[in-house]
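This report concerns only the one structure given below.
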């Protein structure tokens, strides 16, 4: 009893203390005070709400939708590797979303695939859908395949980026790049951040000589497209091909093309001549990380926003170029059911969307900061 008496409070003080305890509990429930601190480099959504995005969204002009290419994450961009990331499904309607700005792609793709009966595998592009405007290399592939489904989707849940439109499906005969859509939150909206396109613009942006960004085309033939095992042939001319059986770079294919022409190894008959690659040949020549030395727009889109920490890459030495590793096996991912790292960087969890009068309204979810 003596021990208990030390813990007891006078009745009036007990009422005051319990009152303040309940006030603190209700206050925490109402304002969602963070009960922990960030002790490592891993940020949770609730922690980012408090520590990263503290600015209030004053206008929708502060939100900028940007297309981010997957090749910036180091995925293999050769045709045999890329086609393994795409697959056919039925019963899922395609979805299209617009975006305001994007990167210049090093690798784009253009597919025209037919079924064995001669019908088309891929749907034509809807009105208003044009090809991705900035491509260094366009991989044009023709061929046949079972195409077991209505549409070709991305197996990792990414988008196919077209000209300021991103779709979940591949359209026939249109240049596209693989990517995702992110939303940048600018502290203050600036008119110069995203310049509006001219009223009249060329259908093919790459024809604009002022861009200093020439586009090169590589042609392929694919057999059994959409199946687990497919064959990819690099086209030298109408009768000369090279079988591609491992990851490679666009620069390697151009060098291979020049070598075959130089040594006059073309087919001299009406039949097909198919070459195979020597196992000792290095197929990743010239593959410097394009995002470190490619030509960019004169106006660098650099803004300090509350999402800057999310898109900050690992620290690297300046004035250095690094080779991208192209191996048969991709880097290990998380446990089954996890999301790819490049997909986790999309801050979709910070926007709260509601439907009012048949229209969708989205706003940034900002937790109020408790004044000390």
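Using the three backbone atoms N, Cα and C, a Cβ is placed for every residue, glycine included.
Of the listed segments 320-340, 341-361, Swiss-Prot assigns region 'Disordered' to 320-340. The C-beta environment of residue 257 (N-linked glycosylation site), restricted to residues of the same chain at least 6 apart in sequence and closer than 8 Å, consists of 236. Taking the Cβ of residue 238 (N-linked glycosylation site) as centre and 10 Å as the limit, one finds 10 other Cβ atoms among all the protein chains shown. For the disulfide-bonded residues shown (108, 121, 135, 147), fewest C-beta neighbours within 10 angstroms: 147. In the structure as shown, the Cβ atom of residue 268 (N-linked glycosylation site) sits within 10 Å of 10 other Cβ atoms.
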